[in-house]
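Enquirer: Structure below; questions to follow.
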């Protein structure tokens, strides 16, 4: 029977007790705990009742996961072949085909085992990295404070919260000073809120100021944070990768089915072949034609790629996100912390000094003196951080009294004695408060307000500084008149690598859009500093509620597509942006950090949880970043494209081999009534699969533009290359079986009367040219120019050495082969080398044929985005150029890209590329950036200057 305490705890777990509103003393009574915290034993007991303090994770059965690798259409075909080998292949007075059955089953198990191990290792590596990101907390257990994993917290624990801590669980604050809590990750509130003793703080929020103890009242899924995260839809939609895998698998299965149907019709009713011989020929098509290793090769490639990404600071939670990231063409990025440092800084170049005899450094020193040096808020930290040494803030003075910031006075002040024994007071704070404090009037007041307005137009916050002397030399004295010293512009500076990273992203065909909750002016200023454009809109424009008629006239979808970013954005706007971009056939990535971002992260093709994101954001995302900044994402895009290139190379290879096996062996079987050994096809498949696994670590060149599964290219290339190789095999068999060509030209003995030797010769020819094909499909240019990975070369040499030794020496009666000697092996190698060369030429011809615009539209009637060579980059740059012309007053808004032809857009795009580069250099390195700053701050006519400005 449960005790009373247990019953009470169960009620708390079921949330029948309202711990959020009752007095704190009653909270301790209800939770059966004290201010001394819990004991370790009591904590473990409660952990069994409430569960760990983290979001629920779905566990999957390892055994079922392993079996899952053998439960797909390709495996079903191989399993059907295995059944066929022992059930149907037992006629003609011969026993069941046990060797083929064992070989097929072994091949299935080998592929499944490799897939399982690699995915498991990748999953374990990701889990280990995620565990490293697990939050810590300071908790009172057994009367002692200690740092523990936040997962062990239970209701009743007493924790310590200080500046910078992420609140680990829902808790009630105990006695102490008020806290400043940032709840933006939960509620979308951009400004920190004040929490007094007795108030509730929520899991996932961040302490921005203060230090206090708190008692935990809810953990895990029972927190406000956990309930919100639980509402996020966790269903997995069928991704692009799975659809492509299914399409390629279906193509291969249909090709085999057609080949088998033709064989059945011709062999039995027309040629009257023996039942067992016909079954053997059908098995050859089934075993050799099905790309059984395809799921394994692709999953291993992604698993290894996932590990590579984790080394770069991007943990992949969903493997197929790699393939989608390779095709990503739009990245919606947070401003704060991703594009910027999330750290306020003073722009020294724009500091305005008003007092005579004062320079900028002295102004900064006075502001630093009026700042806390310990337990700082963001503004104090930014001011003191601008000094060469933070100790300078108190150097040479004796602090008498510090007046902290409060919402009424909106300023801080310090009273101090300098090294000469003189008493002074200096203050910093909101400009309007300091202006009133100093009693500014007339031109001086007008000048100060003008500078503040200019700062605001640039998206900069203003901080005013004032000083006074205290002749009476008492702390309580009002002192002499206040002197207005100057104004400091505060801003969140871009990361040092953000501008270069955005330029790299554009070069890679990825359009970066800034999504910020800050004001529009701040977003535009950041965009200007980053060179990413200032074509930004308020969030109201997303709902068609913009007051600007020029903006309201543009359709929302088009507005989102052409914008450089949006300001004043709430999480629900993020979801709308992603949805609209996806409706216009873009592959969209979205960054986020809060629980309210979870729906947008889930909706995006690639949800990216940034460094320090909440557990809910990480749970909803596909990729979790361990490093701050945008450069990690761009590096991940390049790595993803390299991984995707390997997968694409293999799929072309797999389709080619299917066509080559089905067509080649079908023609040989029907024209010459030649029965090839199913076991030897199995040997070819095993050696091929072993070699092809190494493609997961092959050297490749990532695509310079977003890459996608162009099935028309894959199937067209596969059919042509496969048909060519099939014809070459038929040609070889004809030369060896019906002519004395090889005997006359190379002096080898004739083998056309020995079926077993013909089987060995055909086996070696098929094996060599089939494996060599991978070097053609993996390269964009001539295959002998692009050096493959050493592992792939080594695997090819090893596999073909085994194949050659089998053909030269093996005499296996059950497989119907007999050794052909080194002479024939040399001839076959020479024949394969000569017939290999046209494969590259065919590859170029196919690519050229598919590159035509009319042909492209005929075969791939999809969006312009997947068919145009630059994935819309040219048009985006043209749109950017037109938008810049509009912003500079050179074109009216309604003329932007109005019904222009593709050729006109291309011409504009070329001009835009030049203008974009000039504009970027102009912005960063030339006089115009300085001119604009001075013009805006001095209140000059910017439009007149811009119209006469020439680069």
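Including glycine, each Cβ sits where the backbone N, Cα and C put it.
According to TrEMBL, the protein has these features:
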DOMAIN    18-90  domain 'Cation-transporting P-type ATPase N-terminal'
TRANSMEM  66-89  transmembrane segment
TRANSMEM  101-117  transmembrane segment
TRANSMEM  244-270  transmembrane segment
TRANSMEM  282-304  transmembrane segment
TRANSMEM  650-672  transmembrane segment
TRANSMEM  715-736  transmembrane segment
TRANSMEM  789-814  transmembrane segment
TRANSMEM  820-839  transmembrane segment
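Relative to the rest of the structure, where do these features sit?
Expert: Beyond the ends of the transmembrane segment (101-117), by six or more residues, the same chain brings 65-67, 69-70, 75, 78-79, 81-82, 85-86, 287, 292-293, 295-296, 299-300, 679, 682, 685-686, 689, 693 to within a C-beta distance below 8 angstroms of the stretch.
Within the same chain, residues 72-74, 77, 277-278, 281-282, 285-286, 289-291, 294-295, 298, 651, 654-655, 658-659, 662-663, 666, 669-670, 709, 711, 714-715 sit at least 6 positions outside the transmembrane segment (244-270) and bring their C-beta atoms closer than 8 Å to a C-beta of that stretch.
For the transmembrane segment (282-304), the residues of the chain that approach it from at least six positions outside its boundaries are 69, 72, 74-75, 77-78, 80-81, 84-85, 89, 97, 100, 104, 107-108, 111-112, 114-115, 118-119, 121-122, 241, 245, 248-249, 252-253, 255-256, 259-260, 263-264, 319-320, 322-323, 643, 646-647, 650-651, 654-655, 657-658, 661-662, 665-666, 669, 676-678, 681-682, 684-685, 688-689, 692-693, 695-697, judged by C-beta separation under 8 angstroms.
Long-range neighbours of the transmembrane segment (715-736) within the same chain, counting only residues 6 or more positions beyond its ends whose Cβ lies under 8 Å from a Cβ of the stretch, are 251, 652, 654-664, 667-668, 671-672, 674, 742, 751-752, 758, 761-762, 765-766, 769-770, 773, 776-777, 828, 831, 835, 838-839, 842-843, 846-847, 849-850, 859.
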Enquirer: From the DSSP assignment alone, can you count helix, strand and coil residues within the domain 'Cation-transporting P-type ATPase N-terminal' (18-90)?
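Expert: Each residue of the domain 'Cation-transporting P-type ATPase N-terminal' (18-90) counted once, the result is 41 helix, 1 strand, 31 coil.
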Enquirer: Can you work out the mean pLDDT of the predicted model over the domain 'Cation-transporting P-type ATPase N-terminal' (18-90)?
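Expert: 83, rounded to a whole number.
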